[in-house]
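Undergrad: Just passing along the structure, written as structure tokens.
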8 protein chains.
Amino acid sequence: MTDSTDHHHEQVDTTVAERDDWARRRRKGIPTGENLLVIACMDERIPVEKALGLELGDAQIFRNAGGKVTDDVIRSAALTTNFFDTDEIIVINHTDCGMMSAANEDVREGLEAQVGDLDSATLDPSLPELSIGDADLLDWVKMTDDIDEACAAQVEYLRQSEFIPDDVTVSGYVYEVESGHLREPNGRIAEEISERQA
Amino acid sequence: MTDSTDHHHEQVDTTVAERDDWARRRRKGIPTGENLLVIACMDERIPVEKALGLELGDAQIFRNAGGKVTDDVIRSAALTTNFFDTDEIIVINHTDCGMMSAANEDVREGLEAQVGDLDSATLDPSLPELSIGDADLLDWVKMTDDIDEACAAQVEYLRQSEFIPDDVTVSGYVYEVESGHLREPNGRIAEEISERQA
Amino acid sequence: MTDSTDHHHEQVDTTVAERDDWARRRRKGIPTGENLLVIACMDERIPVEKALGLELGDAQIFRNAGGKVTDDVIRSAALTTNFFDTDEIIVINHTDCGMMSAANEDVREGLEAQVGDLDSATLDPSLPELSIGDADLLDWVKMTDDIDEACAAQVEYLRQSEFIPDDVTVSGYVYEVESGHLREPNGRIAEEISERQA
Amino acid sequence: MTDSTDHHHEQVDTTVAERDDWARRRRKGIPTGENLLVIACMDERIPVEKALGLELGDAQIFRNAGGKVTDDVIRSAALTTNFFDTDEIIVINHTDCGMMSAANEDVREGLEAQVGDLDSATLDPSLPELSIGDADLLDWVKMTDDIDEACAAQVEYLRQSEFIPDDVTVSGYVYEVESGHLREPNGRIAEEISERQA
Amino acid sequence: MTDSTDHHHEQVDTTVAERDDWARRRRKGIPTGENLLVIACMDERIPVEKALGLELGDAQIFRNAGGKVTDDVIRSAALTTNFFDTDEIIVINHTDCGMMSAANEDVREGLEAQVGDLDSATLDPSLPELSIGDADLLDWVKMTDDIDEACAAQVEYLRQSEFIPDDVTVSGYVYEVESGHLREPNGRIAEEISERQA
Amino acid sequence: MTDSTDHHHEQVDTTVAERDDWARRRRKGIPTGENLLVIACMDERIPVEKALGLELGDAQIFRNAGGKVTDDVIRSAALTTNFFDTDEIIVINHTDCGMMSAANEDVREGLEAQVGDLDSATLDPSLPELSIGDADLLDWVKMTDDIDEACAAQVEYLRQSEFIPDDVTVSGYVYEVESGHLREPNGRIAEEISERQA
Amino acid sequence: MTDSTDHHHEQVDTTVAERDDWARRRRKGIPTGENLLVIACMDERIPVEKALGLELGDAQIFRNAGGKVTDDVIRSAALTTNFFDTDEIIVINHTDCGMMSAANEDVREGLEAQVGDLDSATLDPSLPELSIGDADLLDWVKMTDDIDEACAAQVEYLRQSEFIPDDVTVSGYVYEVESGHLREPNGRIAEEISERQA
Amino acid sequence: MTDSTDHHHEQVDTTVAERDDWARRRRKGIPTGENLLVIACMDERIPVEKALGLELGDAQIFRNAGGKVTDDVIRSAALTTNFFDTDEIIVINHTDCGMMSAANEDVREGLEAQVGDLDSATLDPSLPELSIGDADLLDWVKMTDDIDEACAAQVEYLRQSEFIPDDVTVSGYVYEVESGHLREPNGRIAEEISERQA
């Protein structure tokens, strides 16, 4: 029971102010609940917040093909770590990733069939000046050989980048689509526990 | 009641096969439930599947700072439209986006404070050859002036890209963080319905 | 477990007495849980208690076309503030109000089509003496031009009325039907957060 | 499963359009779900929609002290029946109404203590021209003697008013706060079913 | 987590013992949870435990036509108060009782149509010696004139009976089938709160 | 969605009429949902409706010490079968009944300690003429030797009574408090299924 | 709210470690939550964990035809008590066990119809050396005469076995399929509570 | 609503009969719902019914250390397939089984520490004649090298046994404790989907 000497509009004012904070969160420079940015794959099977035990509002979530570090990851991470108090990055790669489903040459052939000459193609239609110089287009496509090695590598790329402050913590996990759980890179146990202990 | 002339292992076999399809979905080239790729902002307040009325497994979800078309968007969209039967792209931008929270020069100053000389900075640590030539680094950062115009522009960039087949459908919506609902670009009604109809 | 030395009829007596208090609340002069009167529009989309975070029994709720201060509001507020300990009034106006949906002349024409000569019409069939003298019937209809200004004005009318004790607190909010939330008058943010910060 | 030949944006477009209709309902002249206006008392114990088996959006709800027909009721009913397709009015009065809790002279004394000379008081601060001529202020206050007779009388006042089209249906019920149910006026059964049938 | 030094069978033993107490409750002389006997009508609309705020196991419940004190009530109450520690009796009568639905002569005619000569009829087929001497059979049928007076009378009959110890508490309530709530005898409020306070 | 050509008050009228039927059920002579009377013991462990798969309103429920046929059972059954269309009676006796917990002489001694001379005691304080002639008071108390035999006997007493029409169906079950289920009299299986089949 | 000075990956690491413990529980030698082995019948009606008030993970559960001590029980119990810290064994036998449903000779005839000469049959296809010497095959089949005696006997066999450490606690219960509850061996009460107490 | 010409006791009789069938299921020779026997490990992490999509009553469940075929499995399977209409057997082995957690010699040493001379130990205290002749005790213990091979082998042992009719269907699955799902033996996919497709 509310104390009858209090007025209800004070409670309403508080609620209205909290909603205003939510709606103008970026404008007011309010960081995420966990000061956290997650980098994950765009695969439709990955429930990112649930896998990490997060609620809506807890973390910013960058997702692209493969959960790979690209210039767009660096751009996005640079903005949130330098302007919005984000101080932790978690990378999530996953088993059965589409980036492991084809050989480089098959990918090259498929893209050429669509684009024609890959060397002259515009990589970013909103920034035509962007180019990869003499690098192979497949280096830009970033296919994966081994998901555990790939996960460890993305963590290293982020730790190296000069756009990201040194005190930002970077970690990486592999999400197993077959079990619905996270593991440490190189922590896969299925093989091991099906055979007699050495 | 199961017909006692059937054997239960047939039901178990079906369940085991369905799980196997889920776990090897990319390897088997199974497309998403909606043949859909969503491009959205990495802002922590955007419940992407819920806003679109989707379930886990229905769509691939690319998210970056601002929900802007970048070379990473083109890379990711090229892979899924050319190799995984995706035939629709939906772009979601949102009000109160962090990309509208600062002037270009403030962003430049902030990044220089972290990086030093922006012209010589490595944009992609896993692909050092990537550069933007004579373009201004702020063109690469892609700040936003008006969210409705920005949304319409991203749709156009995707429609133009030679990496994306012509028969892919592209649409765009603005997610209002103040109401929790989607609207068409330039469909904002809040101003209008607060005053007498002309 | 009830102490076996107590008799159950004592618990039943308490329950019976509480229900009696509820059923004879007005007769016993029991005020509302919040000592609160809400003035709101009769629009079917306004969940008054829910919007204010109230439970049934917490507040008396006056509703009319537009949530405007009329002689009926003064009558009703005078009774509850002078006889039932109500010491707070909250006014809720809302966006997309029907009172903003037509020009004064269209309303006049519509009513004349129904009533005939408006000057000789009976305004209150249970009190035929009630009249508005030389005032225009449209002043009695009380259409709205701007919902934020209208909300602030209703608060002022209530503060001025000699029928309402000076120590009654009066506040006003705008309910946005597009978002389902309250805001302060002139606190609309939708326009602002769709464009780059100045 | 959605047919993969359909595009998801068509479903989203439908949802967006439905919300737009809700938000601009008055502006578009959309009537309530039941074409219904309810007139009820402002007493805090009356769950109007629930008592009538209605959902939010089904009916407009006018509430004042006593659920009495006033000029404000006529104003509000005139607008909705002539401009928004409302074709039914239900009046709900209730037992233990505050309007039955005091004698006329006690009310007169209480108001004089607050206002001073009642004859010169401004009844509507936003329309000072409104007056009740030679009528007694208590006629304007509209206290109640018998809730069943009062309910039947309000129905008659509405049926008589020239502001309300003849084809509008008007009904009345008494809400029993002691039982939480509606009854027909003069349908009270408590006395009857406690004694031997004649 | 159970302390691993404890053995689980100790928990199982406790559960097994509790169930044994429940199953042999009468044999072990365990009283009801409230030491309470309720006397109520057999009418199908009376949720006896719920109306009194009781759980299964809290009270013994005697029910007959009308909730009237008969020799069977005395027999049953004598057994539980003298042998099972019951120290409280609550009588519940209810509005719209079938015992008020017909005049004595109509009941007499109806029974004669079934039985023939009522004076020679066997009242208890398992105890043919039971008779009512010169009393009228209608005195044995125990029809009701006024439910509030009847309730108060049953309380008195129980208080008088020499079979029931003096320290047993006896109370009575009327259950209103129209509202679903209990009231004190002569506490009916429906009439009162529908009219102006004297 | 209600057809807008219907008026809502018709739905309300139907609801009001249904509640009126419930509240005046006895007065209107409406029988129970199952035309059923249950005779059960007053023991606190018997959830009568649940044990029989019934809902509130389905059956009248007579309960006394032991679920024995007494003159009160005959009185109550006579009224409902002759005046309220009841055409079925179910008797429920139960294991661990208090009526099996003591020897006749122990009961006699206990009652004498309370009452004094049992022969001169008033059995029904509201009908002092009621007597059992030369019968032993223990015949009136109706202790039980074997619950299965007792159940079968009560069914027979009811079938014999001249007060109950011949076309009324009478059945009997034993409720096992140890298992919470009904069984046919003499249908106890616990002993049998603990030993090797002959 | 997580303290923003903590990093979220620490919470994720804990979750990953807990799952790893679950998945490698045997490999790491982690005992059950209760250090408990249950021996029960394979009958489909026995909800072993639920009957004992256990959760998944609390106990190892051995089940065979009849819940009898066999060499397989000894093998299994020897492994868990000597290698996995199990220090308690509970045996559950049940009423209506299939092992009581036929006479020894009927079982012998049935098996001979399937196998032919029982004396030369291979009892364990993975260990052909296993034999019962001169014992009767029916001694190996282990039919039951009385479920309470059988339960007590299994407890004794386990207490005697040299494969099981002396400090292991062994208890036994009978599960009644007719009531869904456990009882102590020879604790059946159904017969007793249906008749008058001696 | 029950047809008033039916009597409720018929419904009760049906319910009573169904419960009787459940309680005497073995005595009446009623088979399981699926005519199914499951052979599984006694590990506390295996929710056998849930893993197979079964309800209580659908299947008999044999569980021992390792889910290995022993003479007890043959005994139990022989009884249910020859006497209770069971026509299907499913074997479930699982990853991280305790039977893979130690080398044979470690097991031998551990058992000798408890038992002393293994050759003279009594394997079945209720059937001392049971022996394994010249076989190694470790052959009786049945440790596992590879869970997939072990699962396939158990299926073969059951298919070979002369105690089990030829028309009984036998299948086997591996339950992965790390994912909570079943797979076909040799169907493990974790390794494969972490690396680039050949």
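Glycine is treated like the rest: Cβ placed from N, Cα and C.
Just so you know, TrEMBL annotations never went through curation; they're auto-generated.
Sharing the feature lines straight out of TrEMBL:
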- E:CYS41, E:HIS94, E:CYS97: Zn(2+) binding site (BINDING)
Undergrad: List every residue in the same chain as E:CYS41 (Zn(2+) binding site), at least 6 positions away in sequence, whose Cβ is under 8 Å from its Cβ.
TA: E:ARG63, E:ASN64, E:ALA65, E:GLY66, E:GLY67, E:ILE92, E:ASN93, E:HIS94, E:CYS97, E:MET99
Undergrad: Let me check the 10 A CB neighbour count of E:HIS94 (Zn(2+) binding site). How many other CB atoms are there?
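TA: The answer is 27.
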Undergrad: Can you count the other CB atoms that lie within 10 A of the CB of E:CYS97 (Zn(2+) binding site)?
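TA: Excluding its own Cβ, E:CYS97 (Zn(2+) binding site) sees 27 Cβ atoms within 10 Å.
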Undergrad: Can you tell me the three-state DSSP label for E:CYS97 (Zn(2+) binding site)?
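TA: Once the DSSP labels are grouped into three classes, E:CYS97 (Zn(2+) binding site) ends up as coil.
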Undergrad: Three-state secondary structure of E:CYS41 (Zn(2+) binding site) from DSSP?
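TA: Strand, per DSSP.
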